[in-house]
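Annotated features in TrEMBL:
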TRANSMEM  35-57  transmembrane segment
TRANSMEM  106-129  transmembrane segment
TRANSMEM  135-156  transmembrane segment
TRANSMEM  177-198  transmembrane segment
TRANSMEM  218-240  transmembrane segment
TRANSMEM  261-284  transmembrane segment
TRANSMEM  308-328  transmembrane segment
TRANSMEM  340-358  transmembrane segment
Amino acid sequence: MTIVMAFATLIGSGGSAYAAIKLGQRQEEEAEDVLNNMFIIGLLSGILISAAGLIFLDPLLRLFGATDTIMPYARDYASIILAGVPASILGPCLSNMARTDGQPRLSMYGVLIGAVLNTILDPVYIFIFHWGVKGAAIATVTSQLISAAVLAWYFIRKGSIRLKLSKMKIVPRVAGRIVTLGMSSGVTQLVACLMQIVMNNSLVLYGNQVSTGGDVALSAMGIIMKLAMILASICIGIGIGSQAIWGYNYGAGHYHRIKKLLKCAMTAATVSVVIGWLVCQLFPRQIIQLFGGGNEIFMEFAVKCMRVYLGGIFCAGFQIVATNYFQATGQPLKATVLSMLRQLLLLVPLILILPLFFGLDGILYAGPAADVGSALVVACFIVPEVKKLNRHVAEEKNY
């Protein structure tokens, strides 16, 4: 799913950022071309990924760390999920574009419809129909299909920019710009995929060398990674929600609005993630028990994971927002560098190096080291950008 989300975010965020700039420049026809290019690229990508994933299913599952015990369940789940990849890509793409089209509520409703439906169908398929992990996968695919259909209907019938069969073709110039602007978001997801592969295999390797055990280490870190994703998702939501506004005002040349929103978004993201960090540090055992808990060996390691691995996550807020900002304002190179910074350039090497000296604990130390290191680098990017914005704002006032 991480690979699928990489394509969804690459195409969706790139398309919405490009369309926002075009709308800010009052070029509605070009914005509509962007929407239709985004849709057909997403559909074709989904079909290709689905086919490739089903053909190479077992090697992919092994690559992601599936053990002999987990393999049958992983195969049942993944084969169904892969069949629904086109909807998994188109849903987020259209949700991003709905925000750009001035419909943030529709974007939210599209996501909520899928989430609520998934929540309802999961217990029905698993416990009433007794379909097990297959039922969970069918529920996920069904909810994604309906979510994508609702958003597609809006752009066919009501959007200020419309999905039109006559425009549904790939225009190299438009497609290239979509990919360029979305590269940072796509890279973030792909790097997360690589990091997960390295993390899972390292946890099994070093976990089996101590009493904790590889399966316990893998399960405990799975919970911690979910918590990290929840905290990051808040910041991602703030950044993505700001993108359309940044892009529109960048296209229109309203730099004072861009600066004001950058300050607000960074403050909101930082405050949110600091609150989450404090809760995780103060109540780790209680939070882990919400996920079902386990024996004392599991609980002890999971608590340690939460306190150590998430020890520096309070730095993550402004890094995520900064990446979204550079993407929205037509600076894809900076956005791509920042998207690779924490996980590829810092976290993956640290996961490989630190366990050589500290064993299993070294994997935990890699988290805060990467968070703090990436925060310092992001500051080097954002400080000059703020100075540049100040110059533009001064020019606006003089003009």
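Any Cβ shown, glycine's included, is placed from N, Cα and C.
Note: TrEMBL annotation is automatic and uncurated.
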Among 35-57, 261-284, 340-358, the stretch with the most Cβ pairs under 8 Å to the transmembrane segment (308-328) is 261-284
Maximum Cβ pairs under 8 Å to the transmembrane segment (340-358) - stretch from the list 35-57, 106-129, 177-198, 218-240, 261-284 | 177-198
